[in-house]
Protein chains: 2
Amino acid sequence: MLIVQKYGGSSVANAERVFNVAKRIMRTRMEGNDVVVVLSAQGKTTDGLIAKAKEINAKPSRREMDMLLSTGEQQSVALMAMAISAIGGRAVSLNAAQVGIETTNTYSNARIRHINTERIENELDEGSIVLVTGFQGVNAIGDTTTLGRGGSDTSAVALAAALNADMCEIYTDVEGVYTADPRVVPDAVKLDEISYDEMLELASLGAKVLHSRSVEVAKKYNVKLVVRSSMSEAEGTEVKEDVKMERMLVSGVAADKKVSRISIMGINDEPGKAFEVFSLMAKEKVSVDIILQSTGADGKQNISFTIGEDDLDIALKALEKNKERLTAREIVHDENTAKLSIVGAGMATNPGVAAMFFEAMYDAGVNIQMISTSEIKITVLIAKDDVDAAMVAVHDKFKMASVNMRKAADTEE
Amino acid sequence: MLIVQKYGGSSVANAERVFNVAKRIMRTRMEGNDVVVVLSAQGKTTDGLIAKAKEINAKPSRREMDMLLSTGEQQSVALMAMAISAIGGRAVSLNAAQVGIETTNTYSNARIRHINTERIENELDEGSIVLVTGFQGVNAIGDTTTLGRGGSDTSAVALAAALNADMCEIYTDVEGVYTADPRVVPDAVKLDEISYDEMLELASLGAKVLHSRSVEVAKKYNVKLVVRSSMSEAEGTEVKEDVKMERMLVSGVAADKKVSRISIMGINDEPGKAFEVFSLMAKEKVSVDIILQSTGADGKQNISFTIGEDDLDIALKALEKNKERLTAREIVHDENTAKLSIVGAGMATNPGVAAMFFEAMYDAGVNIQMISTSEIKITVLIAKDDVDAAMVAVHDKFKMASVNMRKAADTEE
């Protein structure tokens, strides 16, 4: 088998952990597999480099940030090669330029376009374990790009797809995908499996276990993806196309506190105003999530939408500059907001799910500001302070814990 | 003018120094020059990375060490680009792969074969200051190589040669090239100029101000080279083909304490034995310096030679393994040795120099173990403990300080 493994920064944070991972990699190799390993930067390396940059320039260019940050992964792969060699294995480290991980040109948020597999395949043929820098690529002119925070997951899945690997294992510091954040909901349980679509929703809704783009790529190329712990031997969660076991109504609940809401009040009721607002946001590369448009008693329109809190300043500045053109009376914002979402393939065919969700919120005394739904998820915007209580209430309402535990018991028979 | 500047690790050790250098670079740019800057890794970065590697693997592969260490310079150039941008300049950082600094394949000690100038010239044409990682290159298969410690000097001079630059300025933490190490000889003086050949001898004899290979390249391509301080406005020392001013007998005295001596005793007096010894050393990539061969009273040969102390273990191991084949009775070594050298273009035409040198050693009570001479230098092997006293005695004997000061006074007229 050809197996791609990815280890995050905390799994390689110091020499001891590097050796633990080296042993795990060697075990996989000694079972007769070809092994390609994607590594993140060690522990707090990336944060340290960001701090160094900010000390010098409050708004460093994205190109130079990529140049700076990409060194972290290169250190990881070189050190891991040394560790594998120290325990008798054979490994070679490769950075994105050496592999040929070709990306778009958007510094700090590039997308992989193509991966040359020749160098990796040659090294595998020679019996080496191949260690590849995660998170980074090269653009058309050979400059270094990065895929955004968490992008090493995407590197691993894209490599697995390009190499036609039998499996892609994402090693992390939790044992898999849970029905809710176990730190908030103590009886949250680990899922044995989850579909790509559900995982995609959970990932994009704030469950930090997988980078959402990695799930998109896995779905597109049907990569067998397993999320598991680098610290234990637990089985982990398999992410796949079809989940065979009896479906739960709701697979999980996720929250994202890094959300701000902007409301543009009193816009003239003319065609094209919403288009103008969101064109502006697109031009500033601000991703917009939930959108709500309503007409006030005065016949004017109000447009509200949510964005990532990091984009708030840039979004407000662009809107204020164009306030007149947008015929807006007032632009207000709220930073004390969070998204809470439930995800489950079961909900599409069960109209009672939304009602149960809202009932749980009502029971917990949580006020809902905005609502957004899709085939397999419902998201509400609530106050940040309400998130933990709401998550416990929802988890409890859908009895995700017991459903899953029963399922687990069934599986063991 | 097109100027190549090189700043060492201590010149960019922290944010404050990075800004100092950024300002100096900007000043050069604002005077209307095109500027290419070569940077070393910040302060103790390289030492820190070496320590990390040694924690994981006592004998890491040279390929992986290069992969690891090359990240230090990449961080420096990215941070410098951010600093220049912060003070209103325009800069772009490039690593060796992006520039195309092609080297031989000898990891950790590669030599530059060719530099592609297209990318740099394009960036200069667009008005950017170009910041290039020192110390590193890429080999034929695109893997990262390094040029050996101090190799950033060579990067700078090679870039100046390839770009046909008007000047190559090496910024360091001393004000130029001195007649002796100022920490040992308090009245050592800075030279205004020195010839390539003299500088080459001084550099290879332990004067740490310039990487010796950089001087070779400067001489070969006739690069105008200036060594000066990044902390002051002092003029520095110009290294050039012909030194116009009245020649001093001796330009400088240098010492290298990282030397060990090996003696192979009682070899059969047969042809080819010396060849065998030094073939063995070449095979182990051990550089041999002073060689002395003598015949003992018993008709057997003794071969003594000096090597860098880091190579002692590997050299002894190879010799012991082949002791029988070499017909050696005994292999001894001495780690308490150092080289002391005087350098000066004037000495070739002045037979009294060697005598004065040996007289100074005699006066200082220093025993000479071996002697080696060339057109422009005399080197002696002495005990490590004698080095400082010998250096002061020699410096005094040749009155380098006063000669140079008189010369400086002449120049000012």
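Cβ coordinates come from backbone N, Cα and C, glycine included.
No curator has checked TrEMBL annotations; they are predicted automatically.
Values in this document were obtained by computation on a predicted structure and should not be read as measured data.
Cβ environment of A:K6 (ATP binding site): A:V37, A:V38, A:L39, A:S40, A:G134, A:S152, A:D153, A:S155, A:A156, A:C168, A:E169, A:I170, A:Y171 lie under 8 Å away, each six or more residues apart in the same chain. Look at TrEMBL and you will find A:K6, A:Y7, A:G8, A:G9, A:T172, A:D173, A:Y178, A:R183, A:K208, A:V209 tagged as ATP binding site.
What TrEMBL records for A:T46, A:E73 is substrate binding site. Long-range neighbours of A:E73 (substrate binding site) (same chain, six or more residues apart, CB within less than 8 Å of its CB): A:L39, A:S40, A:A41, A:N95, A:T133, A:G134, A:F135, A:Q136, A:S152. Mapped onto three states, the DSSP output places A:E73 (substrate binding site) in helix.
Predicted-model confidence for the domain 'ACT' (A:262-333) is 87, expressed as mean pLDDT. Taken from TrEMBL, the feature domain 'ACT' covers A:262-333 (among others).
Annotated domain 'ACT' per TrEMBL: A:342-413 (among others), in sequence order.
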Which residues in the same chain, at least 6 apart in sequence, have a Cβ under 8 Å from the Cβ of A:G8 (ATP binding site)?
A:S40, A:S152, A:Y171, A:T172, A:D173, A:S230
Secondary structure content, the domain 'ACT' (A:262-333) (per DSSP, counts of residues)
24 helix, 26 strand, 22 coil
Neighbour count, 10 Å Cβ-Cβ cut-off, for A:T172 (ATP binding site): what number do you get?
22
If one looks at the chain holding A:Y178 (ATP binding site), which residues at least 6 apart in sequence have a CB under 8 angstroms from its CB?
A:A188, A:V189, A:K190, A:L191, A:V209, A:G252
Cα of A:K208 (ATP binding site) to Cα of A:T46 (substrate binding site): how many Å, rounded?
17
Reduce the DSSP letter at A:K208 (ATP binding site) to three states and note it down.
coil
The correct three-state DSSP answer for A:T172 (ATP binding site) is strand
